[in-house]
Structure formats: C-alpha cells, structure tokens
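Positions annotated as domain '4Fe-4S ferredoxin-type' by TrEMBL: C:236-266, C:311-342. Per TrEMBL, the feature transmembrane segment maps to C:33-50, C:62-87, C:93-114, C:135-153, C:159-179.
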Amino acid sequence: MNDIVRRDPRSEWIARNRLHPEHDAVLARMGGGAPAAQWMGPNGVIRRDPHAVGFIGPNGIRRIDRSGAQSAGAGGAARREAAAAPARRRVDIDTPAFFIAVVADMPGGRLSAHDRDLLGLARQLADAETDGAVLLVSFGDPRETGLGEAGVDRVLNFAGEQFEGYAPELRLTALGGVERQHAPRHWLFPDSPLGGAELGRRFAARLGERPATQVWQIADGRCTGRGAAGASDITRELPRIVLALPECAEPVADTVHAAEAIAPPAALPQALRRVEDLGAVAVDPAGVALAEAEFILSAGNGIHDWDGFHQAARVLGATEGASRVAVDNGFMPRHRQVGATGTWVTARVYLSAGISGAVQHLQGIQQCDKVVAINTDAGCDMVKRADLAVIADTGEVLAALVELVEGGRKEQRNAA
Amino acid sequence: MRREDIKQVQGLKVAALVSVGRHPVTGRPRRADFDARAVEMGLSLVAPENMSLLHAGECSPERESALRGYLGMGIGALDVLDQPPEADIVPALEARLREMGARLVLCGARGEMGEASGLVPFLLAERLGWSLVSGLAQIESVDGDSMTVLQALPRGQRRRLKVRLPAVVTVDAAAQAARQSAYGPARRGELRRIEGEVTPDAAARDWNTAPAKKRPKRLKIVKAASARDRFKAAAAKAEGGGGQVLTGLSPQAGAEAILKLLREEGVLR
Amino acid sequence: MLDVVLPILIFAALALALAGALRRIGLWRQGRAAPVQLLAGLAAMPRRYLVDLHHVVARDKVFANTHVATGGGFVLAALLLIAVHGFGLESRVLAWALLAATAVMFVGALRVAARRKDPPARLSRGPWMRLPKSLFAFSVSVFLVTLPAAGVLPAGFGGWALAAVLALVVAWGLGEMFFGMTWGGPMKHAFAGALHLAFHRRPERFGGGRSTGLKPLDLNDASAPLGVGKPVDFTWNQLLGFDACVQCGRCEAMCPAFAAGQPLNPKKLIQDMVVGLAGGTDAAYAGSPYPGMPVGEHGGDVHSPIVLREGRALVDADTLWSCTTCRACVEECPMMIEHVDAIVDMRRHLTMEHGNTPNKGGEVLENLAATDNPGGFDPASRMNWAADLDLPLISARGSAEVLLWLGDGAFDMRNQRTLRALVKVLRAAKVDFAVLGNDELDSGDVARRLGDEATFQSLAARNIATLAQYRFEHIVTCDPHSFHVLKNEYPALGGHYDVSHHSTYISQLMAAGRLALGQWSGGKVTYHDPCYLGRYNGEYEAPRNALKGIGIKVVEMERSGFRSRCCGGGGGAPITDIPGKQRIPDMRMAEINATGADIVAVGCPQCTAMLEGVVGERAEVLDIAELVAAQLAAAPAQRVKEEVTA
C-alpha cells in the first residue's frame with residue numbers, strides 16, 4: 001500500500017455539511033464503518049460526537065481506547081507503521097581515526113547472530129571516540145548484503161579458494177597483513193568453537209598479545225570474561241585482542257554504515273602449511289551421539305512400523321532416540337536410549353513419537369528447547385510436557401511428515 | 001567407535017597435558033573432562049608406557065587425588081612441574097616438552113580452574129613451532145611425519161585433516177569419553193615432582209576474579225512508536241507453560257503443524 | 001580269600017583317599033589367609049552339618065530323607081566296614097549293624113536312582129549319573145561280604161570266583177566313595193562340604209543367625225589385592241567352599257538372572273571357580289551352561305586372571321555383572337556357599353583394578369565420588385522435595401528419637417511420594433523424628449555392589465562421622481538397601497546403630513496403638529518382598545503385619561518370603577544392564593499379575609522403580625507407607641481434634 005494521502009474534496013465537503021443527505025453515509029465510509037467521532041465542521045472547526053467515541057466492551061460498558069488503534073482506519077494504521085519504523089540514521093566515516101577490527105565467522109558467507117553481536121560491541125568501542133571505524137575482516141565468498149546495517153564501516157575480504165575450508169595458517173598470515181597495514185586498536189573475535197575461538201587464540205599467540213577470552217561484558221575500558229569453565233568472572237583492563245561470547249552486546253539497530261570495501265594487503269608472506277584439509281567426512285545423522293545431537297526423533301512403545309520410523313529419521317535428518325521400552329524390546333540399541341537411565345540429551349528440537357513419557361524419560365529431556373509429541377493418548381505426560389502435541393496415529397503422522405518434506409524438497413529442486 | 005579399531009602406533013612418543021578439574025555441580029577437584037578425553041585419545045594411539053602425562057601447577061593433597069584420577073586410567077606415572085598458582089606455566093611446559101622429545105602433545109580444549117582461557121596449547125605450538133589443530137574427534141592414523149585426524153564440527157559433523165608432526169592438538173567434548181579411573185592403578189601410580197624455573201604471570205596480577213554472575217537473558221527490544229505498544233510488549237506474558245495440543249486433526253494437518261515448528265527452529269536442512 | 005583282599009582294598013583306598021585329601025588341602029591353601037577358628041570350627045562341624053545344613057536340605061522333604069538314608073547309611077557303613085573288615089573285629093553285633101547300615105544306604109540309593117531316572121534340568125549330569133550305581137555297588141557288595149561275618153552265610157561261601165567278583169565290586173564302591181571323595185568325584189562334596197562347614201567364612205550363619213554384610217577390604221594395606229583377580233586371591237576357605245558344591249542346582253532354579261536369560265548361572269560360576277582352583281577347562285561340566293554361552297570355551301588356573309580385559313579366560317565379565325546380589329542362591333544353597341561374596345570380590349577387581357564397570361557404572365561411580373549421590377544431582381538439593389513439609393533438621397535440634405534416613409530416593413520424583421506418605425504417618429503418630437537434610441550422603445550400597453570399595457568406605461566414613469554428632473535412638477528408613485548397609489555393613493567400619501525399615505517401625509506404631517487407621521476397602525493386594533529386607537535381614541513378618549493393620553489380606557505369590565524373586569534392581573544391575581532374553585521385572589510382574597492382585601505393595605524404592613517400569617497391563621505399585629497413609633485420611637475425626645488442641 002502506498003503512503004500517499006488521497007483526498008476526496010467532495011466527500012470532505014459532505015462530511016462537513018451535516019444537512020447533506022449523504023452526510024451519514026460518507027461519515028461512516030470515512031470512519032471505517034463506525035459513525036465518525038470527529039470531523040471538520042463547515043467553518044474549519046473540528047466537531048466531535050462524544051457518543052460515537054469508543055466502542056461497547058464485552059460487558060456492555062463503553063470503552064474508549066485513546067491510543068487511536070481502535071478507531072483508526074486501515075490507511076491510517078499503515079501510515080503510523082511507516083512512522084513507527086524510523087529510518088536508520090546513516091553514518092559515514094570518511095577518514096577513520098582508528099579501526100576496531102572484527103574477524104567474523106560468517107558461516108556460509110553470511111553474518112551469524114554471534115557476528116552481529118560482536119559488530120555491535122565493535123560499534124560501541126569505535127563510537128567511544130570520534131571517527132572510530134569498524135573494520136570487518138572476512139574470508140571466502142561474501143554473500144551478506146546487510147553489512148552496513150550490521151554496523152560495518154569498512155570491509156576487508158580475503159576471497160579465494162585457498163581461504164575456504166580449514167586454513168588457519170593462511171588466515172593467520174592474512175590477519176598479520178591487516179595488522180601491519182591498519183594496526184587496529186582492538187581485534188575482536190567471536191569465541192566460537194572452530195571459528196573465532198581458534199583463529200583468535202592463534203593470532204594472539206602469533207602477536208604475543210594476551211587476549212581476554214570468553215568475554216561477555218565490556219564497560220569503562222574493562223572487560224569481564226568467564227574463567228574456570230564458566231564458574232568465575234575475570235575482570236581486567238581491555239586488552240587489544242578480545243574473544244567474546246554470544247550476546248556480548250546488542251547488535252546495531254539504529255544506524256546504517258558505509259560497509260565500504262578496501263583492498264586486502266597486496267603481498268602476503270608465504271604461509272607454512274602444516275595442516276591440510278582433506279574435506280568433510282560424510283556423517284550419518286543416525287551415527288551422531290545422542291548427547292551431541294541437535295534434532296532427535298525418538299521412538300517409544302507407540303511405534304509399530306519401524307521401517308517407517310527409520311525412514312522418517314533419515315528424511316528429516318534427525319538423530320534417532322528411543323524410550324527404555326523400545327530398547328528393552330530390542331527395537332533400538334541401548335546407546336540410543338534417552339532418559340535419566342539412558343542419555344541426557346540437549347537437543348534443540350525433540351520429536352517424540354509414541355512415547356508416553358515416564359518420569360525418567362522426561363528427566364532426560366529436561367534441557368531440550370522444544371518438545372514435540374505425537375501420541376494417540378492426549379492425557380499422557382509427554383503431551384503435557386510438549387510445546388506442540390499432535391494427537392493422532394504416530395505412524396500416519398510420521399508418514400505424512402515424510403511426504404511433506406520430500407514433496408517440499410522436490411518443489412525446491414524444480415524451482416531451482 | 002570401539003577401542004580395538006585403532007591400531008597402536010609403534011615408537012610414537014605422546015604427551016598429554018593434564019590439569020586439575022572442577023566438578024560443575026559441587027566444585028570438587030577431579031580429572032578435567034577435556035584433559036581426560038585427551039589422555040583417552042592418547043591411549044587409543046599408543047601403549048600406556050609410551051604415554052607421558054604432564055601437569056604444571058601446585059601439588060596439594062586435594063589436587064593430588066584429582067591428578068591420580070589420570071593415573072587410574074592405567075598410566076604408571078605423572079610428571080608434576082611444581083609451579084605456584086601465580087606462575088605462568090607456559091615456559092616451564094615448553095622447556096619440559098623440548099626435553100622429553102614428544103612428537104604429539106594432547107591437550108584438553110581448556111581447563112576448569114583459574115583463567116581456563118584455552119590458550120596454553122596455542123602458546124606452546126607457537127613457541128615450539130609445531131602444528132596445531134583444535135577440536136579433534138579422533139586420530140585416524142599416524143605415519144612417519146604426519147597424521148590423519150578427524151576434526152569435530154558442530155552437529156556431529158566431521159572434517160578430515162592431514163597434520164604434519166610434531167603437533168599440539170586440543171580435544172573437547174566431541175572426542176571419545178575418557179575411560180573410568182580405577183582406584184588401584186591410581187593409588188599405585190607415581191607422581192614425579194619436578195622442580196623447574198618459575199616465571200611469574202605479571203599480567204594476571206591486576207585481575208579481579210569473582211564467582212560467575214548469572215548473565216542477564218537478552219530481552220526482546222521492541223521499537224514501538226506508541227507508549228501503549230511498548231507497555232503491551234513489556235507486560236506480555238513469557239511464552240511457554242502449557243504447550244499447544246492439537247486433537248482431531250488429520251495426520252496431514254498434524255504433520256504440517258510439526259513441519260512449521262521444525263522450519264521455525266531451523267533444524268530441517 | 002576275601003579276608004586277605006578286603007583289608008588290602010580298604011586300607012589302599014583309605015591311603016589313596018588320604019593322599020587325595022592332602023593334595024586337595026594343598027589346593028585350597030593356595031588361597032589367602034583368613035581368620036578362621038580351626039578347632040572350634042571342627043568341633044562345631046557335626047552340629048552345623050546335622051542341624052543347619054539339614055535345615056536347608058529339608059526344604060525338599062523327600063530328598064532330605066533320601067540324603068539322610070544314603071549319607072547316614074554310608075558314614076555308618078564306612079566306619080563299620082573299616083572296623084569289621086579292615087581290622088577284622090569279630091563281632092556279630094557290629095556285623096549286623098553293618099548289614100543294617102548298608103541296607104539303609106541301599107534304600108537311599110534306590111531313591112537317588114529314581115530321581116536320576118529323569119532328572120530336572122537343574123541337576124548336573126556326567127559323573128553324577130553314575131553315582132546311584134556306585135552307591136548300589138558299595139552298599140550291595142559290602143552287604144554281601146558282611147553276610148558271612150554276621151553268621152548268615154558260612155565263611156567261604158561261593159568259592160573264589162564269587163569272592164573275586166565281589167572284591168571287584170567292593171573295589172568299585174570303595175573307589176567312588178573313598179578315593180573319589182578326595183580326588184574330585186561326586187563324593188567330593190562330603191569331604192569338602194564337611195570342612196567347608198567347619199571353616200565357613202560366616203560362622204554367624206549357623207545356629208539360626210544371619211550374616212549378610214559384605215566384608216570390607218583393608219584399603220590401608222597396599223599389598224593386599226583389591227578384590228579377586230586370580231583364583232589365588234580368594235581366601236583359602238572361599239576356595240574350600242567352592243569345592244563343597246554338590247551341583248544340585250537349587251541356586252540355578254532360583255537365580256533371577258538365569259531365568260531372564262542373562263549369562264549367569266550360580267552353579268556354573270562356582271564350578272568355574274573349582275576349575276580355576278584345580279586348573280583346566282570347563283569342558284567336563286555337565287550342567288546347564290550360562291544362558292547363551294556354550295560350555296568348553298573357558299578355562300584357567302589358579303594363577304591366571306579370572307576375567308581378561310579382552311578375550312576369554314575363566315569367566316566373562318558379563319557373567320559377574322548379571323548378578324543382582326539378591327542372595328536367592330545363597331539362601332537356597334544346602335552347602336551354604338557364599339556366591340554373592342565371591343561375585344562382589346571379583347567385581348571389586350574389575351572396578352578397582354581394570355576400571356571396567358560396564359555401561360553407566362563408571363558414570364554412577366564418578367557421580368558418587370563427586371556429588372555423593374549416584375544421579376549426579378546437586379547435593380544441596382537433597383531436601384528440595386520437602387520444601388513445604390518443614391522437616392525438622394537434626395543439626396538444628398541435636399537429638400531426636402527417630403532419625404529418618406531418606407536415601408537417594410529423595411532425588412527421585414516417584415520415591416518422593418513414598419517419603420511424603422511416610423512423613424505423614426510419622427506425624428500422625430506424633431513421632432519425634434528429624435532428618436539429616438543435606439548432610440546425608442548416599443549410603444554407599446551401589447558403590448559397594450559395583451565393587452568400588454574405596455568410594456563405599458569414603459561415603460560410609462563420612463556418614464558415620466555425621467551420625468556421630470547427634471543423639472538418636474533409632475534410624476528409620478524406607479530404603480532396604482540403606483537399611484542393610486547401615487545395619488550390617490557400617491558396624492565393620494565403626495558405626496553401630498539400631499536401624500529399622502519403615503514397615504517394621506510402622507507395624508510397631510500400630511501395635512502400640514499410636515495410629516488411628518481406617519480399614520482397607522480397595523482391591524486385592526499382594527506383597528513383594530524386597531531382597532535386602534527379606535533375605536538380607538529376615539524381615540518377612542513386619543510388612544505383612546503393617547498391611548494387616550489396615551485390614552489388607554495379602555494374597556501371596558508363588559515365590560514369596562525367603563523365596564521371593566528379585567525385582568532386578570539390586571546390585572547395580574539396572575546400571576550395568578547386561579542384556580538377557582527378558583527382563584527380570586517383567587517376570588516378577590507376571591508373577592504378581594498371576595495372583596490377580598490389583599495392587600502390589602512394596603517396601604523399596606528400587607522395587608518400585610523396577611516394577612513401575614513394566615509396560616502394559618499391570619498391578620498398581622504402592623509402597624506400604626503410601627497404603628498406610630491413605631488409611632490415615634479415613635481415620636476418625638477425633639484425631640483432627642487432637643491435632644487442633646495440640
């Protein structure tokens with residue numbers, strides 16, 4: 001819908017003229033069906049009808065909503081929404097006084113939530129003095145389009161196949177080049193396993209700088225990070241290299257930045273390649289350890305079609321779990337048992353199929369974020385625990401799920 | 001993976017750096033989980049006789065019983081480099097590793113006490129000029145000057161790497177769990193205390209260490225124009241508590257509801 | 001001619017038997033030293049044999065009589081044979097006595113032969129099948145050669161041919177009965193059994209006593225082996241005990257693991273220990289094998305490991321970890337062999353030397369060391385379940401009449417219901433009680449059954465130190481495992497307490513009229529005896545009395561009382577989780593369902609958990625405390641008034 005206000009002088013004139021035969025009809029049209037509570041009088045004075053204000057509430061009492069949400073027409077609401085999302089302020093830094101470098105993980109070429117938090121933190125550090133600029137250092141093919149919105153002033157991308165995959169030594173020399181060329185005031189790395197955590201520590205060791213790790217707060221030139229495996233907080237002067245945890249700061253929301261690309265250092269010294277990436281190893285989701293798995297499809301006594309269950313797990317890409325009963329009955333191996341007496345799982349989504357939910361089982365899935373239950377018994381404990389429960393035949397729902405997912409994939413393939 | 005699957009490598013000298021851990025619930029000293037996994041990885045590679053354990057730090061009776069936990073995995077002796085708590089242990093470890101002539105050093109990804117920054121392996125690799133890989137799941141084979149390893153990626157994925165020896169590797173939760181520590185070998189094993197040079201850790205002196213504060217949960221910030229919307233967002237009840245129960249649906253409709261949730265959570269690939 | 005041959009035969013057999021005996025004793029003495037009162041034991045032996053052993057044998061009346069006839073007849077006949085034919089004492093009376101003895105023995109042998117015609121599966125075959133024939137050979141031939149001495153037949157009757165035949169048959173009989181007794185024939189049980197009774201490692205068991213607590217290891221003695229890794233690590237009287245086994249298979253018939261198809265057969269295990277003692281393989285074993293494991297693949301000797309980390313030795317580790325330590329085998333064994341002690345001894349080696357406790361075992365032991373409870377829960381949350389109950393802490397009061405020991409069930413949501421019921425009952429009876437609260441640690445039961453003596457002793461020592469700070473008259477607990485450990489195993493470590501199971505205490509409260517209770521009006525109720533309350537502590541009556549007190553008539557199961565079958569939850573079996581053909585709790589629930597009961601009353605958190613884990617149609621599982629507490633609500637109103645005034 002466009003935001004241009006279209007005026008109809010004739011209906012406005014009718015609205016002003018209470019004696020006009022079409023007066024009520026026009027008022028009603030303008031007021032979205034309800035009689036209008038206010039209008040411009042014939043001599044430009046706003047007229048109000050106090051009886052038309054508000055609406056009759058459920059218990060028969062007139063309620064007046066002064067926020068205007070109630071009486072606003074559709075067009076008005078759209079206008080207000082446009083006003084509610086304020087345009088981001090554009091900030092351009094032409095000659096940076098100093099750089100705060102962020103080495104983002106950028107999985108798949110896009111900023112992760114962790115990266116965005118880190119850029120928010122970098123923004124804070126850069127904006128503490130005038131003309132500080134955030135320099136994003138990234139590797140591989142960039143696919144992210146919203147770098148400016150994320151708070152990036154300058155982008156330094158090392159493209160090329162040699163930087164893809166696991167190439168810590170090469171990336172290290174690249175960072176060394178940036179260090180020599182731009183000498184950032186601070187280096188920020190996401191403290192994420194196999195991403196910034198490793199590269200940041202390598203880089204700190206290379207530079208001989210003592211980094212602050214597991215940092216979750218920076219204030220007044222001091223930073224606080226977790227120590228002793230999360231059991232203590234260490235507060236110290238902010239060092240040059242910081243490895244920060246997710247949610248260390250709010251991502252940038254109010255400003256948009258230039259995200260201007262600058263050329264990487266031309267000549268990098270030859271890196272000594274002692275680690276060679278031989279590529280990903282195909283891992284069967286069924287082989288993933290239960291405790292590690294992110295998405296578990298778990299079977300209980302309500303499963304009768306085991307082939308269908310295994311197929312569903314394969315199609316969904318879920319790791320298989322089982323209740324004690326399914327294991328005892330020999331349908332699933334013991335190491336697939338979920339629960340207090342089996343494995344305590346930490347999956348983000350736990351899809352239980354035909355599990356009634358013994359206490360021990362529910363204990364074992366305490367740490368799961370979302371629990372989905374498929375069961376025929378609406379009264380069982382698993383349904384009570386579940387965030388989403390479908391009361392239907394387990395086998396049929398799984399079959400339908402398989403069909404949907406496979407159908408969706410086919411469509412995608414056809415579209416592509 | 002079963003232990004028998006791995007061929008023991010002859011003539012390889014392996015060292016594991018071990019530290020005193022801290023139980024997450026009770027805070028009692030124990031084998032550090034990652035370090036123990038590193039030792040386990042070493043034992044899958046070489047016989048216990050070719051495996052040396054190295055600890056740098058204090059040796060109080062309480063810590064000693066935790067260190068003996070590593071001996072209980074079937075290794076005869078553990079070298080303890082006597083270092084006061086305020087010392088920088090990297091120089092001492094570096095000197096000792098050079099002396100030992102180990103070709104492969106296994107470390108836990110981080111300790112469970114003190115700074116636990118996980119920096120030691122990186123500093124050692126840098127100072128020794130060795131290769132370094134982190135987050136190993138398994139060492140597949142060692143031949144001559146290089147080894148083939150599997151690195152653990154999130155969600156149980158694996159990546160195969162070829163690493164030049166000598167190397168420092170770190171091990172975290174993706175590696176095979178450590179074997180049980182047995183009382184007998186732990187009691188009999190030898191703790192060899194080695195005096196060494198002490199380098200004070202000057203940087204850490206000004207630090208302020210406190211028990212971990214609970215981090216505030218991130219709130220959803222609502223950018224709203226009207227006070228009413230802001231009030232509504234702030235007063236909105238937290239989600240959860242009593243899920244949605246769908247009854248009387250066709251299997252297809254149920255499957256669609258589930259699929260929607262799976263897509264929202266982003267677990268479908 | 002017989003006058004000459006018989007003494008030679010008799011004394012030759014005796015001499016060989018003596019040599020065999022010395023060799024056998026030598027074998028036993030390879031074991032470690034044990035504190036045994038040799039002379040007192042020998043003096044007590046006849047009584048132990050005639051009273052205690054016979055008491056167990058007499059559970060099978062027919063066979064008890066058979067054994068008295070055969071065994072008694074043989075002992076008498078043997079002594080008289082030596083006197084009459086060996087020393088040639090010319091006494092008609094003795095000769096007639098000998099005739100009578102052999103006749104009795106013959107009658108016994110007939111019964112033995114009848115039983116051997118179609119023997120039940122639990123009996124071993126092999127050499128045991130020839131035993132009735134040997135008994136016949138001995139009794140008949142001795143009878144015949146004694147007829148002349150008794151004056152029934154003239155001397156020299158039948159000529160040399162008959163004499164020669166008779167001499168041969170006597171030789172056979174003597175060979176089996178004298179020579180075989182000490183050289184490893186079926187009759188070995190008589191010789192080794194008698195000495196085993198004399199030098200038993202638990203002399204307290206004789207004369208109606210009870211001794212069920214495991215013996216502590218001396219962990220301060222660095223030279224002592226941690227458990228049993230090789231047969232020589234057993235004490236010598238344990239080795240002797242194994243040799244006493246008569247392979248009657250009563251243990252096998254009672255063993256829940258065997259019935260469930262797990263790789264354990266107590267009889268075979270004891271026979272394997274005999275193989276280990278003497279050296280060789282188990283190929284000669286002629287009884288039921290370990291389920292799913294063929295005979296003949298295992299072997300060893302006294303100095304070789306019993307269990308190998310990899311590969312086969314004398315016994316597989318799974319066999320040892322299948323045991324639920326329910327003590328049914330020990331209870332049934334007529335030779336009073338201590339199977340459970342031996343199994344735990346070998347488990348100690350596996351856990352403390354190999355560090356090889358299967359499945360969740362390692363994790364549980366680590367949890368026990370780090371958090372003092374097997375589940376790894378925060379020890380400070382032990383009392384969370386009772387946040388609304390305002391339970392008095394003994395640390396705040398210093399003393400109480402009853403110390404309520406909660407056990408690790410305090411962390412288990414199901415058991416918390418039982419605990420609440422028990423608190424309700426105690427409050428209704430106005431019992432002055434208190435709890436240790438977060439100072440209570442796991443009793444150490446699981447650690448000890450899993451062979452981790454070090455963790456057990458550490459937990460026990462700390463519990464004993466805590467208990468020493470307070471004054472109380474009794475400890476009451478609803479966990480039979482804690483009950484057993486506190487009552488029977490802490491004394492060896494210096495903790496002596498008056499401990500009762502809650503069913504005992506409730507039945508005492510009922511008897512004293514301190515509980516106003518309504519009458520049961522629900523369905524049929526059966527009662528499942530927990531092993532650690534029944535067989536371990538002989539408490540069969542109190543739970544039944546408590547149920548009777550609320551008007552419940554217990555419908556007994558086929559296996560109840562001292563023959564109750566384990567729920568499968570003891571000895572860390574749910575933790576080590578050795579697969580079988582079926583699950584023990586399923587079998588037990590089938591027995592419960594066979595009574596047609598709607599409710600099974602239990603007195604143990606483990607039993608509750610195991611029986612409630614059975615899926616499908618089953619009786620409801622309720623603790624005695626819950627049943628009693630439910631009747632409190634139905635009590636007359638005056639009780640409420642009293643509470644108001646109080």
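Using the three backbone atoms N, Cα and C, a Cβ is placed for every residue, glycine included.
Those TrEMBL annotations? Automatic predictions, nothing curated.
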So what pLDDT does the domain '4Fe-4S ferredoxin-type' (C:311-342) average out to?
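Averaged over the domain '4Fe-4S ferredoxin-type' (C:311-342), per-residue pLDDT gives 94.
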Using a Cβ-Cβ cut-off of under 8 Å, list the residues of the same chain that are 6+ residues beyond the ends of the transmembrane segment (C:62-87) and lie near it.
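Tertiary neighbours of the transmembrane segment (C:62-87) are 6-7, 10-11, 14, 54, 94-95, 97-98, 101-109, 111-112, 115, 135, 138-139, 142, 145-146, 149, 177-178, 190.
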Near the transmembrane segment (C:135-153), which same-chain residues lie under 8 Å Cβ to Cβ, leaving out any that are not at least 6 residues past its ends?
2, 6, 70, 73-74, 77, 81, 84-85, 90, 92, 95-96, 98-99, 102-103, 105-106, 108-109, 112-113, 166, 169-170, 172-174, 176-177
Give the nonlocal contacts of the transmembrane segment (C:159-179) in its own chain as ranges (CB under 8 Å, at least six residues past its ends).
1-2, 5-6, 9-10, 13-14, 16-17, 20, 74, 78, 130-131, 134, 137-142, 144-145, 185-187
For the domain '4Fe-4S ferredoxin-type' (C:236-266), how many residues does DSSP put in helix, in strand and in coil?
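Helix, strand and coil residues of the domain '4Fe-4S ferredoxin-type' (C:236-266) number 18 helix, 0 strand, 13 coil.
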